[in-house]
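Student: The structure follows.
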Amino acid sequence: MSQINKFILGGFVIASSFLTGHAAFAADDAIVNDDAIVNSGTVTPEAATAALVEKQQKADAEKLAAKQAKASAEKLAAEQAKAAAEKLAAEQAKAAAEKLAAEQAKAAAEKLATAQAKAAAEKLATEQALASKVAAQKLAQEKALAIALKAVEIAKIEAAKAADEKEAITNPLGTIQVASLDIMAYADFPEIAFNPSKPVKNPLTVYKLRNLIHTLPILDGLTRQNLQKLAKNASVIDGVKIWKAERKTLRRKLILNNYKSFWFTDNVLDKTKAQEIVATIENAENFALRPARYKLAELKQLIANASDNINPAWLQIPGSSEKFNQLAQDEALNQLALNHAKLEIALSHVAFAYSRHASAGQLIPSAVDRNNDVHPVATSAAVILNNIKMLTQKGELQNWLEAQHPQSVQFKALLAEFKKQSGVSPEKPEEPVIVPAGKSLKKGNKSKRVIKLAMRLEQLGFYKKTADAAYPQIVNAEIIASVKAYQENRGLLADGIAGPNTLNSLNYKKPDYLKTLLVNLERQRWMPHDRGYKHVLVNQAEFRVRVFEGDEVTHSARVVIGKNKHQTPIFYNKIRTVVVNPYWNIPASIIYNEMRNKINNDPTYLARNNYQVSGNINWEKATRRYVPFSIRQKPGARNALGRVKFLFPNRHAIYMHDTPSKSLFSRASRAFSHGCVRVQNPELLALNLMGWSQKKYDSLVRSGRNRHFAMKTKIPVYMTYMTANVNEAGEIRYFRDVYGRDAAVARALGVKEILQQIAEKQNPASADAVVITSN
């Protein structure tokens, strides 16, 4: 409460107290007077008593009235104080509101004024900038006109001199040889003057003039016309094939760029960038690509055809439409414009092709393998053109293009091995030891072939003898163990016997290794460059699954993949769900092909195997792809999916899972499933992916309940097929082509021609003897 309110309320309280006190004193006086009357003896006792009673009643009434008056006064005072306070508060609130409104109005006005001032300033600045730009353009045009006029004058002098000497000018844009220094052209751009007496550091010769300003609008116009036609329709330019998709992108970018060149500046080729494209293609072998694939010879010829030789007669003063039309009929000028346009398209295409091959592979995966459902993403043509435009420092463009190759450990290791084996690298590969053909080498066999077998196994890292010991001639326990280790690594039957299949694999020749490396380098390019920090990778040819965190393997296990007639496809996805105690929903093909006779011949078959049927079993409408009912197997130890499965939805209905058939994991070649991937010790994979403890996993399994657990973070999974790969120790390992997929990829890549070229470089006499083994 404010001080004024307190003062008003206090005044009312004091007045009320005064009135109340006065009434009380009056009542007391009345009582005293009554006592005096009684004691005076002038009246009878009865009358006195009545008078006293009357007086007493009167006093009580007055006292009551006084109290009521006091209460009324206090109430009135309180109400008046409250009213006064409310009035005062309202006045103060009104004043505050008016003050706030005034301040806000003032602030808004100031803000508006500031914004208007800013807008006006920006508008003024824009107008001034535009005016400056127009003035600069006008000044530049005046400079260009002055320089062009001087250039024409110099050209005429040169032409006259050449005519007098009866010599033709073959390179008018070379260094100009003038009659005397007095007519040498120098440019002082601030003064728009040619001043021989005031030389500058870089004299403006006609050659430099050609590179600095645009004096040939006719060449530019004709080049743009040719670009427009070629970008729309050309599929082959002087032997260089132009891809339709990239041609469309280039055309779109050229339209947006008003058909201005990405490779020429004022009709002069940027030779640094062109040379970087040539150098990149010449260096393609270092990345297991063929320079011939990019028509290197044809590209060099196109660069040579885009000559900088300019006929002085083509120099045109801006605004001379008559000369413009005349020059448009010049055959040599038209040919040069066409050559410029051809080179523009060809250079762009070669950059597109190299970048695509480096970043996403040379082949379309599904075109060479119907079981391959991978769709690599190449660097876009738009990004390539932007980098061509932006990367101006020497070496930047080549470095950027070569950085489009995968940077993974696997790709780099395979590439290094290819370079070593092919002779591209200075490091020479070791010549393989050949085990002579003959009978199988078993335990206890004695033969000089055993020495070769031991040497070959040592060469491949599967056997090691002591430094002072000789190679054995008898198949002993060490040799058997080494053979088994080799067989296990190559996906062969691990029986320790060096039979025909094992010997063929041991005698794998250099062309076979090179073929396998080239095929798998291509497959590495098909994979995403960013695979995710944590990801799961299944290598079908190795029968193994690994979990990677960065480049570190945090889990590895054997797997069983699809039979040859039920091949596991190649595809990529993300693990979304882990299911403990899964049901097995049986595919229609298995019901029709494999269960039909068992169901018909054994009434107890379904119940004994914990199968549940939904609907009525009716084979009349059933086919291999459709049955009019469904069957699933209940969770349990005998469930075909075991105790856990890992789901990553895909159109192939493929997933990873446990299995009750544990014995198959001991086999060397493990292609037994209908396409899904069976995992050894799947609980360890579940613990790795879900972060569970063994105790929690065991508890979930014991419950017997079918439980679905969504992954908090979906983990990428890659179903791959690599017949050459890098193991955890960084060693290159080769695997049997269990599905026979390598041959089609090798043919599409032209591997035979590549190996012939390699053989020709290493030993010209052996080029025709290249043989690739099929396995």
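Cβ atoms are placed via backbone N, Cα and C, with glycine included.
Copying in the features that TrEMBL gives for the protein in this structure:
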SIGNAL    1-26  signal peptide
COILED    59-110  coiled coil
DOMAIN    534-718  domain 'L,D-TPase catalytic'
ACT_SITE  His657  active site, proton donor/acceptor
ACT_SITE  Cys676  active site, nucleophile
Student: How many neighbouring Cβ atoms, not counting its own, are there within 10 Å of the Cβ of Cys676 (active site, nucleophile)?
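Tutor: Its Cβ has 22 other Cβ atoms within 10 Å.
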Student: Mean pLDDT across the coiled coil (59-110), rounded to an integer, is what?
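Tutor: A mean pLDDT of 84 is what the model gives the coiled coil (59-110).
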Student: How long is the line from the C-alpha of His657 (active site, proton donor/acceptor) to the C-alpha of Cys676 (active site, nucleophile), rounded to the nearest angstrom?
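Tutor: That separation, Cα to Cα, works out to 8 Å.
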Student: Which of the three DSSP states, helix, strand or coil, fits Cys676 (active site, nucleophile)?
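Tutor: DSSP call for Cys676 (active site, nucleophile): coil, neither helix nor strand.
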Student: Can you tell me the three-state DSSP label for His657 (active site, proton donor/acceptor)?
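Tutor: Once the DSSP labels are grouped into three classes, His657 (active site, proton donor/acceptor) ends up as strand.
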Student: Taking the Cβ of the residue listed as 'active site, proton donor/acceptor' as centre, how many other Cβ atoms lie within 10 Å?
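Tutor: A count of 22.
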